[in-house]
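Taken from Swiss-Prot, the feature topological domain 'Cytoplasmic' applies to 1-504, 557-569, 642-673, 752-1496, 1569-1576, 1662-1667, 1764-1771, 1900-1958, supported by sequence analysis. What Swiss-Prot records for 1-29 is region 'Disordered'. According to Swiss-Prot, the feature transmembrane segment maps to 505-525, 536-556, 570-590, 621-641, 674-694, 731-751, 1497-1517, 1548-1568, 1743-1763, 1813-1833, 1836-1856, 1879-1899 (among others), an assignment based on sequence analysis. According to Swiss-Prot, the topological domain 'Extracellular' annotation covers 526-535, 591-620, 695-730, 1518-1547, 1598-1640, 1689-1742, 1793-1812, 1857-1878.
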């Protein structure tokens, strides 16, 4: 090795630069070792997996070294040394991240191995490696050809390739022998055929996998590999500097995608990925309903159908832009080949487009030009397609990425940097939509092709001069470009702009009702009187002004996009504005002439117009004005006509539609068919009639008379300084009264929507058969038709069989056979999940073979106790006739089956055991006697029923012996003895003439000895006892005889019951027929994952919190049945699990009960298991195997053949991709959590071989001598204990930098999905095995011809929330979420037709969406709620969204108060951003009126209504504040006529329904009633109220209102991680204060002051019950907002915790802020961050903040005039003096503060003198005020109420004008004022908590309140709260223990609280 060592370690022996490494080897080795240390030696990372990203190419070498280490350690050493040399050449200075540590670690390892490794085959390294290479080739590759799988061969070829590379560095070229060279050339020639593959090993030789033998795959490959007549590309001499591989690119191509790659320069990984994608698509579509005989080629219709799907959007785009489509097919061309070329080209563009995939029309533009190039290459030559014509090809495989995608990506990156991490206004930068909509205009063709990078799209005016020292991968911000088509302006006016028709309807209806109510009669019929009707016509004037407002908003808010608009669009905006202005002038003028006896302004207009105007001119004007609305109504009634006109691109139609709506590429033709239109119109007509009637009779009419009285009153005695004392009509009073009423009027439609949606949803759910099977009793009663229903719905009938239309109770044996396979697998799965025990499993199983039993063998849980009951019935039967007894038995359906089965099974078991023919004859004769006596109706006379119980007992003993241990010595004798006893009982005790049978047997056998009887039944066949199916029969019979309890209690687990009943119930619901697996749609599942938990570690399971509670211990108490089942499973001796296996099983058991990735993956992989089982079943039926039952164990060849075919079809139909965005970083990380996530994900890949993991790989590569980061999308699979790379596709840059994280994570991985459908699953979801059977039914919903309707593009599925059983909060959230994903979405889909995509597990039409922007939108901030935008986009582009409830998936939710609040805040933020978005604007404007109403009230309108609800309380209380402080309440409202009217309170009572959360509860009650029964629903409702559900919902109302309003006003939306923990933990007071201070506490305290002031100074309505209810509801709101976080905080009222929280809060308040001080450490840091939104808001936002702050000045203004010291003076001087006092107080406080800073440390005496002087001055002033001026104690308290709000107003204004106050030097004073207020608020909130904490029972009550639901589930919270776990108990480390080994030490002195993990 000497020569190799010296020659291999550098050109000059040991290079100098390696000396530091060697000298630091010990130190660096320690660092490296630390990097790879792992507590479990078996899980220690392998060195090949620790390679730094800049050295990624050496990882395969190290993997090979590890693979051959056991075989030849010396050669493995040489491989590692070669890797080290290569690493040193790649990075000689070790500048890359982690390179130095890795090289040091590797060098240290080499030094160790050099001493211990020995030569095995030769004496020198060159000879050793050559001999090993030859041996390896001969033993593995040569012998493995045709025998090993492609996957195994791929690995062998990879090893051989690396070995030869190493060999060349060890052996000089001249010394490599011929055999080695020959083998190496053979490897080089074939290695590409054996690359690692995803699903299809396309070019692999040797043993074919089953999937490659499928005829559809062969046909698809044949079509894709048709390269006849394609010209061969060549490369220009300019590419001479390319490496050898690239120069070889032009030599050959195997398929059309390779040809496209050579022409355009697509990456090899992209080509391989899309090749498989296209083949699978073709195969899956083509095989559908096709005869497999003579199946050799793809049908032309298949390619045509695929073309139509992929290019529907492209063709629409071409028509819209009026340009010719380049999908051209010249005469004489191979149309199929050309079609596949076009499809392949689109797929390759899409596969490499990265972030540009979010821009579908940009992709259309790219494809448009490249398709033109393809056509030019193929048909543009003079001598076309002769095979020898060469065309210029792309220079390298990254040409397309570099020249097309990267420039567009850089534009995106440049724009997103203007976003400033969400702080910049949306109008300041262009998002994905803006850049994509650039291609909606014909001006996009100015980009030309190849794209001109100097075009306006790429270059900004100030980018000519580059920024100095700018890195090459950076982009300058440049000058802002205009928005495209729309500007996302941050204003509430967006709500009016988007939904103007709704607001106009509500305003005009309100005006109409007020006019009608103003009539003296008050009757609604008054509208038909002439004067009222004439007045009602004024609504058109209002309408004109509202239209003017709409036109103005359109003009102003779209101004930022004007530069991108066409002239016709700008003219439309201007014309609309001018027309609206004209009508706003004309209608009032014409109306003025029509008024009789005009006065005032109307008289002026009337005289000005002149006498030539006729009185009816106004009527003509109205007719002309409403003409467009009449046309709109016609279009509404004829949706097909509207749809045709909107989609038309004819110029005349475009001109006609120009006025109605702006021409836009999307949002055309979204109108529904007539029946759907009728349904949602009926819904809304009924709702609006109810709403308007209620508003008229309850809200408006009762207020009219008091308003008239107030209008006529004149008040002179004001109690404050009135600025307008001579004003008439008391406008202020009227506004104060009508303000809340108007707000309630605009909001209460939301209440009516909740009521009507609940009613319609309940009715529709009932008609959908929901909840027909709710309990196990119901399941048991209907189980006899379940097999028929199962086969009718979930199994395809063979060809030629008609589908049964009606289910009946006749049972077909083949139905039972089909059903039993699936049912038993379902039951076994639940056992594997520990939901049921072994015994419960046996009771639930259906026999897997029919045997010789003549009746249906039902599961034992249906037959439980039937045999004992029948025996008792027979024993006690007093009648004489057999018929009566048998009639009694048959009256119980299952009892008859049980009796017959038991009899026949006993007969078969005994008969099968006997070997002696005479013994068998006795048994036959006994059975004959039984049968003939039954037929002849003499059974009771021939048999004694009294002996039956004794026989049953003996049979039970007999069966138990048969199932006992076969190895026991007396096993046979025991069986013989009991068998003889049984025969004796039958013949002697049961049969009347039984002795005759024995005597005949004796005579027939010729034996007359009397003792022969004792020798009978001794010859038995014990081999049967080892037969599995025979033992199953014995077990089943034993269960029939022994199970006594009622089957209603089986299974015990509530979850198992729920799953069984839902599955059975779903079989009776409407669903499409199941196709054969081969005919079903193929689909993928995609799960985005970031850094969440994958699998809990052993340390996490056993880590105790401060109360000694572990996750494991906690879960044992929550799931006691499942824990018991788990212990039974792992302790089963048959499994023989090692301690290590038990530890792994324990980790999985815990992880499968949390919200972990492992749970999600397990659930999704059930799809594959179900598909394989369904395939298996179909194959067995096709081959008529075993009467429809599964093949027996003996038929192993059939089973293997069927299994291989089933797996192949499952590969074809299902793919699961988990997008682990940072998997690569986790793999290289040294942090234990990241390493754990990496290892756990790897183990998932190894456990589930078909699981695929996609991740973004970040590498350091040297480009032009400089290191830079390069990003790749990579797809992995598990292979031989490691991950194996399948595809690697280079990206133009970091994809997640452009948009929101989750959609970008999905987008990079979507290219690796397959199939026609795509299901999106979050990592906190679960799936259930039995639900997977229905997947092929669900996918049939996409079949466009199924119901004659347009096919859906998104299928919505229901969810089951599995986190509701822990605490009351979890239960509330679970119920709320469940009602939303069931009844809520049911109504949205039908009848309202406005369901979108609300998260997962929805199923997308994959091809539709990947050609239209993907399955989500990703623009920063605006698409924060990325999932719903997928639904918006789908609907706008002509999609159709449905909802289906016969299938469900599981979903977890956050269960802690703070986590729930984070979630609600995130959703409210998202809705705020939606309000600003173009999608909501376009949907709101382009839906018809009623569908628009549905859209509004189910999306942003719900949150706006929440905000109005809160605003109503404010308006009401501030209105009352105005009335009581001004004295108007006493003067006006106390008059008898006004006092009698309490309409305002009645209206507010309706509002409080929303406020208290009853709207949330209504759908919950209906859904629970439907699915569990209305008694249960009523009970749950009562329990929820007792557990303070209304407090929770009222609190969340405040969360919604705050974050929705703040988002629209100021922005600041961000993704809020909410956690996936098990349950809640105690949150400190400071944490709660930080989280809820601004959203709830400030608002709550403001309402407290309002209520106190009104209580002190107001006097009206005190006796009214409605007033009391309103007051109560407001105090309830206040209490909820102030104290809900503490009520729902575990241990929130425990004294010690309260003391600790106060200490922590004081410390936090006192800490100073500064750079680097986090917000949870210092109040100053938090206070600064709380104002972050004001730093970045615009001028409008600041002005609004100041205006809102001015309301706090009203308190001081009103209260000072009510002070006794004011002596009823109402001059303005009083108010001025109050300000002087306030400023004096603030000045004194400032002096104290400054004195403390100046004198506090060095001049203590001076500071004390200052304080003394101030104190004396204060006493003097107070004395004078009390004695001289008449100040009272009540005045002091009133002054506090007056001045506190004023100080808060000053503080808010100071924050809004921060820069101004800083400039004036007052900012420190503002900060100190803020700190003082925080202290006051904290003290006010904390005091009640501290008082309640004094009483221990409060804490106990709170615990019961929080965890009552868990108590009802058996959760022993009392044990957890009472004491810690017994430390002496054997640890829960491994689960070789039973449940009893986990005890609790009862200690009443331990802390009475508990923390659990999040």
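Each residue, glycine too, has its Cβ placed from N, Cα and C.
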Long-range environment of the topological domain 'Cytoplasmic' (1569-1576) - Cβ separation under 8 angstroms, sequence gap at least 6: 762, 765-766, 770-771, 774, 1382-1383
Residues in the topological domain 'Cytoplasmic' (557-569) grouped by DSSP into helix, strand and remaining coil: 10 helix, 0 strand, 3 coil
Range from 536-556, 570-590, 621-641, 1497-1517, 1813-1833 with the greatest count of C-beta pairs under 8 A to the transmembrane segment (505-525): 536-556
Residues from the same chain, set at least six apart from the ends of the transmembrane segment (1743-1763), whose C-beta lies under 8 A from its own: 719-721, 1518, 1521-1522, 1524-1526, 1609, 1646, 1649, 1653, 1657, 1734, 1737, 1769-1770, 1774-1775, 1777-1779, 1782, 1831, 1835, 1838-1839, 1841-1846, 1848-1849, 1852-1853, 1855-1857
Reported mean pLDDT - the topological domain 'Extracellular' (591-620): 59
DSSP-assigned states of the topological domain 'Extracellular' (1857-1878) in counts, ordered helix, strand, coil: 19 helix, 0 strand, 3 coil
Positions on the same chain near the transmembrane segment (621-641), where near means CB under 8 A and six or more residues out: 537, 540, 543-544, 583, 586-587, 590, 659-660, 671-674, 677, 1488-1489
Residues in the topological domain 'Extracellular' (1689-1742) grouped by DSSP into helix, strand and remaining coil: 33 helix, 0 strand, 21 coil
Stretch-level contact, the transmembrane segment (731-751) and the transmembrane segment (1497-1517), CB cutoff 8 A, at least 3 pairs: yes
Spatial neighbours of the topological domain 'Extracellular' (1857-1878) far in sequence, C-beta under 8 Å, 6+ residues away: 1637, 1709, 1723-1724, 1727, 1731, 1734-1735, 1742, 1746, 1786, 1790, 1793, 1847-1848, 1850-1851
Chain residues outside the topological domain 'Cytoplasmic' (557-569) and at least six past its termini with a C-beta under 8 angstroms from it: 427, 438, 441, 482-487, 489, 491, 493-494, 497, 658, 662-663
For the topological domain 'Cytoplasmic' (1569-1576), the number of residues DSSP places in helix, strand and coil: 7 helix, 0 strand, 1 coil
